[in-house]
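Undergrad: Annotated ATP binding site per Swiss-Prot: G3, G5, K6, T7, in sequence order, evidence recorded as sequence analysis. Taken from Swiss-Prot, the feature region 'Domain III, AAA+ region' covers 1-177, and the record attributes it to sequence analysis. As annotated by Swiss-Prot, region 'Domain IV, binds dsDNA' applies to 178-263.
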Amino acid sequence: DSGLGKTHLLKAIAHEIGNTKNKLVVKYYTSSDFRKEIVDSLQDGFKEIESTKEKLSKIDVLLIDDIQFLANSGKTNEIFFNLFNFFIENNKQIVLTSDKFPEQLNGFDKRLVSRFSQGLNVKVETPDIITAINIVDYKAKIVNLNLSEESKKYIASFFGSDVRKIEGIINKIEFSIIQDNSAAPKIIELEDINKFLEDYSFAPGGEITVQKIKNVVAQNYGISVKSIDSRLRMANIVKARHVAMFLTGEILKKNYSEIGVAF
(Lines of atoms letter the chains of each structure in order from A and count residues from 1; the text may use other names and numbers.)
(Lines give C-alpha, C1' and ligand atoms only; values in the text may rest on other atoms or scores of the structure.)
Protein backbone atom coordinates (compact mmCIF):
# COMPACT_ATOMS: atom_id res chain seq x y z
CA ASP A 1 0.00 0.00 0.00
CA SER A 2 1.10 3.57 -0.60
CA GLY A 3 1.41 6.28 2.02
CA LEU A 4 2.52 3.99 4.85
CA GLY A 5 6.05 5.39 5.15
CA LYS A 6 8.19 2.89 3.22
CA THR A 7 10.21 5.67 1.58
CA HIS A 8 10.60 7.40 4.95
CA LEU A 9 11.97 4.17 6.45
CA LEU A 10 14.57 3.77 3.69
CA LYS A 11 15.71 7.36 4.06
CA ALA A 12 15.86 6.92 7.85
CA ILE A 13 18.13 3.89 7.34
CA ALA A 14 20.38 5.93 5.05
CA HIS A 15 20.45 8.81 7.56
CA GLU A 16 21.25 6.53 10.51
CA ILE A 17 24.07 4.73 8.70
CA GLY A 18 25.43 8.05 7.48
CA ASN A 19 25.64 9.27 11.08
CA THR A 20 27.66 6.30 12.31
CA LYS A 21 31.44 6.20 12.47
CA ASN A 22 31.83 2.87 10.67
CA LYS A 23 32.30 4.63 7.29
CA LEU A 24 29.92 2.33 5.44
CA VAL A 25 28.99 3.51 1.96
CA VAL A 26 25.19 3.77 1.71
CA LYS A 27 23.23 4.70 -1.41
CA TYR A 28 19.49 5.34 -1.82
CA TYR A 29 17.81 5.00 -5.22
CA THR A 30 14.28 5.25 -6.44
CA SER A 31 13.63 2.43 -8.89
CA SER A 32 13.43 4.92 -11.77
CA ASP A 33 16.77 6.53 -10.83
CA PHE A 34 18.43 3.11 -10.60
CA ARG A 35 17.04 2.05 -13.99
CA LYS A 36 18.10 5.36 -15.57
CA GLU A 37 21.65 5.00 -14.28
CA ILE A 38 21.92 1.50 -15.75
CA VAL A 39 20.24 2.38 -19.06
CA ASP A 40 22.36 5.52 -19.52
CA SER A 41 25.56 3.56 -18.95
CA LEU A 42 24.44 0.83 -21.37
CA GLN A 43 23.86 3.45 -24.05
CA ASP A 44 27.33 4.91 -23.46
CA GLY A 45 29.07 1.61 -24.19
CA PHE A 46 31.00 -1.19 -22.51
CA LYS A 47 33.46 0.99 -20.58
CA GLU A 48 30.70 3.04 -19.01
CA ILE A 49 28.64 0.04 -17.90
CA GLU A 50 31.74 -1.55 -16.37
CA SER A 51 32.45 1.73 -14.58
CA THR A 52 28.87 1.78 -13.24
CA LYS A 53 29.18 -1.82 -12.05
CA GLU A 54 32.43 -0.94 -10.30
CA LYS A 55 30.80 2.05 -8.59
CA LEU A 56 27.84 -0.04 -7.42
CA SER A 57 30.15 -2.77 -6.11
CA LYS A 58 31.75 -0.26 -3.71
CA ILE A 59 28.41 0.37 -1.96
CA ASP A 60 28.01 -1.38 1.41
CA VAL A 61 24.27 -0.77 1.89
CA LEU A 62 22.09 -0.41 -1.20
CA LEU A 63 18.54 0.94 -0.76
CA ILE A 64 16.05 0.77 -3.64
CA ASP A 65 12.52 2.15 -3.32
CA ASP A 66 9.52 0.62 -5.14
CA ILE A 67 11.36 -2.31 -6.67
CA GLN A 68 8.13 -3.41 -8.42
CA PHE A 69 8.73 -0.68 -11.01
CA LEU A 70 11.85 -2.52 -12.23
CA ALA A 71 9.60 -5.27 -13.63
CA ASN A 72 10.21 -6.19 -17.29
CA SER A 73 13.41 -4.13 -17.33
CA GLY A 74 15.47 -6.67 -19.27
CA LYS A 75 19.17 -5.85 -19.07
CA THR A 76 18.69 -3.73 -15.95
CA ASN A 77 17.31 -6.75 -14.09
CA GLU A 78 20.15 -8.93 -15.34
CA ILE A 79 22.72 -6.48 -13.99
CA PHE A 80 20.75 -6.13 -10.75
CA PHE A 81 20.66 -9.94 -10.36
CA ASN A 82 24.45 -10.14 -10.64
CA LEU A 83 24.82 -7.19 -8.26
CA PHE A 84 22.47 -8.88 -5.78
CA ASN A 85 24.59 -12.05 -5.85
CA PHE A 86 27.75 -9.97 -5.38
CA PHE A 87 26.26 -8.31 -2.31
CA ILE A 88 25.28 -11.65 -0.77
CA GLU A 89 28.70 -13.19 -1.41
CA ASN A 90 30.47 -10.18 0.14
CA ASN A 91 28.22 -9.77 3.20
CA LYS A 92 26.82 -6.46 1.98
CA GLN A 93 23.23 -5.36 2.56
CA ILE A 94 20.36 -4.59 0.19
CA VAL A 95 17.08 -3.13 1.46
CA LEU A 96 14.15 -2.97 -0.96
CA THR A 97 10.61 -1.67 -0.69
CA SER A 98 7.67 -2.87 -2.74
CA ASP A 99 3.89 -2.66 -2.74
CA LYS A 100 3.66 -6.46 -2.67
CA PHE A 101 5.48 -9.54 -1.36
CA PRO A 102 8.20 -11.17 -3.54
CA GLU A 103 6.02 -14.08 -4.64
CA GLN A 104 3.44 -11.59 -5.97
CA LEU A 105 5.94 -9.70 -8.15
CA ASN A 106 5.54 -10.15 -11.90
CA GLY A 107 8.02 -9.31 -14.63
CA PHE A 108 11.12 -10.51 -12.75
CA ASP A 109 13.37 -13.49 -13.37
CA LYS A 110 12.36 -16.32 -11.02
CA ARG A 111 15.94 -16.46 -9.72
CA LEU A 112 15.71 -12.83 -8.65
CA VAL A 113 12.34 -13.35 -6.96
CA SER A 114 13.91 -16.31 -5.15
CA ARG A 115 16.71 -14.03 -3.89
CA PHE A 116 14.13 -11.53 -2.65
CA SER A 117 12.31 -14.30 -0.78
CA GLN A 118 15.50 -15.45 0.97
CA GLY A 119 15.76 -12.16 2.83
CA LEU A 120 13.74 -10.83 5.72
CA ASN A 121 10.31 -9.76 4.46
CA VAL A 122 8.42 -7.32 6.68
CA LYS A 123 4.95 -5.89 6.04
CA VAL A 124 4.52 -2.22 6.90
CA GLU A 125 1.15 -2.15 8.65
CA THR A 126 -1.42 0.62 8.56
CA PRO A 127 -0.80 2.82 11.64
CA ASP A 128 -3.07 2.09 14.58
CA ILE A 129 -5.09 5.01 15.91
CA ILE A 130 -2.58 5.95 18.64
CA THR A 131 0.30 5.95 16.14
CA ALA A 132 -1.79 7.96 13.66
CA ILE A 133 -2.57 10.56 16.35
CA ASN A 134 1.15 10.83 17.16
CA ILE A 135 1.94 11.32 13.45
CA VAL A 136 -0.69 14.06 13.20
CA ASP A 137 0.75 15.73 16.31
CA TYR A 138 4.32 15.54 14.95
CA LYS A 139 3.41 16.89 11.50
CA ALA A 140 1.39 19.73 13.03
CA LYS A 141 4.23 20.77 15.35
CA ILE A 142 6.63 21.00 12.41
CA VAL A 143 4.54 23.87 10.99
CA ASN A 144 3.69 25.33 14.42
CA LEU A 145 0.03 24.30 14.45
CA ASN A 146 -1.45 23.60 17.88
CA LEU A 147 -4.27 21.10 17.38
CA SER A 148 -6.77 20.20 20.08
CA GLU A 149 -6.96 16.53 21.07
CA GLU A 150 -10.34 16.22 19.29
CA SER A 151 -8.83 17.70 16.12
CA LYS A 152 -5.94 15.23 16.19
CA LYS A 153 -8.31 12.30 16.70
CA TYR A 154 -10.55 13.52 13.90
CA ILE A 155 -7.70 13.78 11.38
CA ALA A 156 -6.19 10.47 12.53
CA SER A 157 -9.50 8.62 12.30
CA PHE A 158 -10.35 9.77 8.79
CA PHE A 159 -6.89 9.98 7.21
CA GLY A 160 -4.61 7.89 9.45
CA SER A 161 -4.18 5.05 6.95
CA ASP A 162 -2.11 7.28 4.65
CA VAL A 163 0.71 9.46 5.99
CA ARG A 164 0.74 11.49 2.76
CA LYS A 165 -2.91 12.43 3.30
CA ILE A 166 -2.10 13.52 6.85
CA GLU A 167 0.65 15.76 5.45
CA GLY A 168 -1.81 17.09 2.85
CA ILE A 169 -4.36 17.91 5.55
CA ILE A 170 -1.78 19.76 7.67
CA ASN A 171 -0.58 21.68 4.60
CA LYS A 172 -4.18 22.57 3.73
CA ILE A 173 -4.84 23.91 7.23
CA GLU A 174 -1.61 25.94 7.19
CA PHE A 175 -2.41 27.32 3.72
CA SER A 176 -5.97 28.26 4.75
CA ILE A 177 -4.64 30.29 7.68
CA ILE A 178 -2.10 32.06 5.44
CA GLN A 179 -4.73 32.64 2.73
CA ASP A 180 -7.09 34.25 5.24
CA ASN A 181 -4.21 36.48 6.34
CA SER A 182 -5.07 35.71 9.93
CA ALA A 183 -3.16 34.43 12.90
CA ALA A 184 -3.59 30.76 13.69
CA PRO A 185 -5.92 30.12 16.64
CA LYS A 186 -4.00 29.37 19.83
CA ILE A 187 -5.61 25.95 19.74
CA ILE A 188 -7.22 24.68 16.53
CA GLU A 189 -10.52 23.09 17.51
CA LEU A 190 -12.65 20.58 15.61
CA GLU A 191 -14.94 23.37 14.31
CA ASP A 192 -11.87 25.09 12.82
CA ILE A 193 -10.79 21.85 11.14
CA ASN A 194 -14.19 21.42 9.50
CA LYS A 195 -14.05 25.01 8.24
CA PHE A 196 -10.52 24.66 6.86
CA LEU A 197 -11.34 21.37 5.12
CA GLU A 198 -14.82 22.15 3.78
CA ASP A 199 -13.56 22.17 0.17
CA TYR A 200 -10.94 19.44 0.63
CA SER A 201 -11.59 16.48 -1.67
CA PHE A 202 -10.79 13.80 0.92
CA ALA A 203 -12.69 15.37 3.79
CA PRO A 204 -15.94 13.76 4.97
CA GLY A 205 -18.64 16.40 5.13
CA GLY A 206 -21.37 17.04 7.64
CA GLU A 207 -21.80 15.90 11.20
CA ILE A 208 -19.62 13.06 12.48
CA THR A 209 -21.76 10.04 13.36
CA VAL A 210 -21.14 6.48 14.53
CA GLN A 211 -22.04 5.28 11.04
CA LYS A 212 -19.47 7.59 9.44
CA ILE A 213 -16.83 6.35 11.85
CA LYS A 214 -17.70 2.75 10.99
CA ASN A 215 -17.61 3.53 7.26
CA VAL A 216 -14.17 5.16 7.42
CA VAL A 217 -12.66 2.48 9.68
CA ALA A 218 -14.07 -0.28 7.47
CA GLN A 219 -12.58 1.37 4.39
CA ASN A 220 -9.18 1.82 6.04
CA TYR A 221 -9.04 -1.83 7.11
CA GLY A 222 -10.40 -3.22 3.85
CA ILE A 223 -13.47 -4.83 5.38
CA SER A 224 -17.22 -4.21 5.27
CA VAL A 225 -19.26 -2.29 7.84
CA LYS A 226 -21.31 -5.47 8.16
CA SER A 227 -18.16 -7.22 9.45
CA ILE A 228 -17.67 -4.55 12.12
CA ASP A 229 -21.27 -5.02 13.23
CA SER A 230 -20.95 -8.82 13.22
CA ARG A 231 -19.61 -11.13 15.92
CA LEU A 232 -16.77 -12.40 13.72
CA ARG A 233 -13.50 -12.79 15.65
CA MET A 234 -10.89 -12.64 12.86
CA ALA A 235 -7.93 -10.53 14.01
CA ASN A 236 -8.31 -7.74 11.42
CA ILE A 237 -12.06 -7.43 12.08
CA VAL A 238 -11.59 -7.36 15.86
CA LYS A 239 -8.92 -4.67 15.51
CA ALA A 240 -11.14 -2.55 13.22
CA ARG A 241 -14.09 -2.95 15.59
CA HIS A 242 -11.99 -1.84 18.56
CA VAL A 243 -10.69 1.20 16.64
CA ALA A 244 -14.24 2.20 15.67
CA MET A 245 -15.41 1.81 19.28
CA PHE A 246 -12.45 3.82 20.55
CA LEU A 247 -13.16 6.66 18.10
CA THR A 248 -16.85 6.64 18.96
CA GLY A 249 -15.98 7.16 22.61
CA GLU A 250 -13.23 9.72 22.02
CA ILE A 251 -14.80 11.84 19.27
CA LEU A 252 -18.51 11.53 20.04
CA LYS A 253 -18.04 11.31 23.83
CA LYS A 254 -20.22 8.19 24.08
CA ASN A 255 -20.15 6.19 27.32
CA TYR A 256 -19.58 2.42 27.45
CA SER A 257 -23.30 1.65 27.44
CA GLU A 258 -23.93 3.83 24.38
CA ILE A 259 -20.95 2.30 22.58
CA GLY A 260 -22.27 -1.17 23.42
CA VAL A 261 -25.63 -0.34 21.85
CA ALA A 262 -23.95 1.10 18.72
CA PHE A 263 -21.83 -2.01 18.27
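Sequential numbering from 1, following the chain as shown.
Every residue, even glycine, has its Cβ placed from backbone N, Cα and C.
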Undergrad: Excluding near sequence neighbours, so keeping only residues 6 or more apart in the same chain, what lies with its CB under 8 A of G5 (ATP binding site)?
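TA: V124, V163 - these are the non-local Cβ neighbours of G5 (ATP binding site), listed in sequence order.
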Undergrad: Could you tally the C-beta atoms, other than its own, that fall within 10 angstroms of the C-beta of K6 (ATP binding site)?
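TA: Around the Cβ of K6 (ATP binding site), 18 other Cβ atoms lie within 10 Å.
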